[in-house]
């Protein structure tokens, strides 16, 4: 991802990379080690994206957006909004109302009087090249989140599509998310 971004030129096509990670915590540039509350044996990797600490694991869809922002005429804030909107629209297709929170990038749902995060994002922009991306909790073990302050927020609840009654496999969710991201990126 870093090599791809560093070696791209004006003709390099944009790409979306989709994966599921083995269990890992990632600590972004603004991350503080104290947001890891307990060492449960899951590796912690410091990375160069924005944001704080999050968890990635099987059953979570991760889409890396490798984009030339200048060619697309996008500013970072607009890109963040479009990524969030792609997740919001995917969830809306399945009858789930989701939203943004001011000052807290990502996608959230209301659950029994509390706000729960279902989609996280973190980006890095270098020479107009964007990389890193968005994760969507689909059908995963959420217990590793108990060992961190997700995205630096103490007590932040997390959820997943399965727990909201959305019957998608990670592969189906990935396909739908890529479709929504592509629609958002192609908007004028």
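Here the Cβ of each residue, glycine as well, is placed from N, Cα and C on the backbone.
Annotations in TrEMBL come from automatic prediction, not curation.
Copied over from TrEMBL, here are the features:
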{"type": "ACT_SITE", "residues": "151", "note": "active site, acyl-thioester intermediate"}
{"type": "BINDING", "residues": "49, 50, 51, 52, 53, 54, 55, 56, 120, 121, 122, 133, 134, 135", "note": "substrate binding site"}
{"type": "DOMAIN", "residues": "10-188", "note": "domain 'BPL/LPL catalytic'"}
{"type": "SITE", "residues": "117", "note": "site 'Lowers pKa of active site Cys'"}
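Shown on the structure are the features that TrEMBL records.
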residue: 49; record: substrate binding site; CB count, 10 Å: 20
residue: 51; record: substrate binding site; CB count, 10 Å: 22
residue: 53; record: substrate binding site; CB count, 10 Å: 24
residue: 55; record: substrate binding site; CB count, 10 Å: 25
residue: 117; record: site 'Lowers pKa of active site Cys'; CB count, 10 Å: 21
residue: 120; record: substrate binding site; CB count, 10 Å: 25
residue: 122; record: substrate binding site; CB count, 10 Å: 24
residue: 134; record: substrate binding site; CB count, 10 Å: 25
residue: 151; record: active site, acyl-thioester intermediate; CB count, 10 Å: 22
Between residue 49 (substrate binding site) and residue 151 (active site, acyl-thioester intermediate), what C-alpha distance do you get in Å?
12
Rounded to a whole angstrom, what is the C-alpha distance between residue 122 (substrate binding site) and residue 151 (active site, acyl-thioester intermediate)?
10
Between residue 134 (substrate binding site) and residue 117 (site 'Lowers pKa of active site Cys'), what is the CA-CA distance rounded to a whole number of Å?
12
Of all the Cα pairs drawn from 49, 50, 51, 52, 53, 54, 55, 56, 120, 121, 122, 133, 134, 135, the residues the record ties to substrate, which distance is largest, in Å?
16
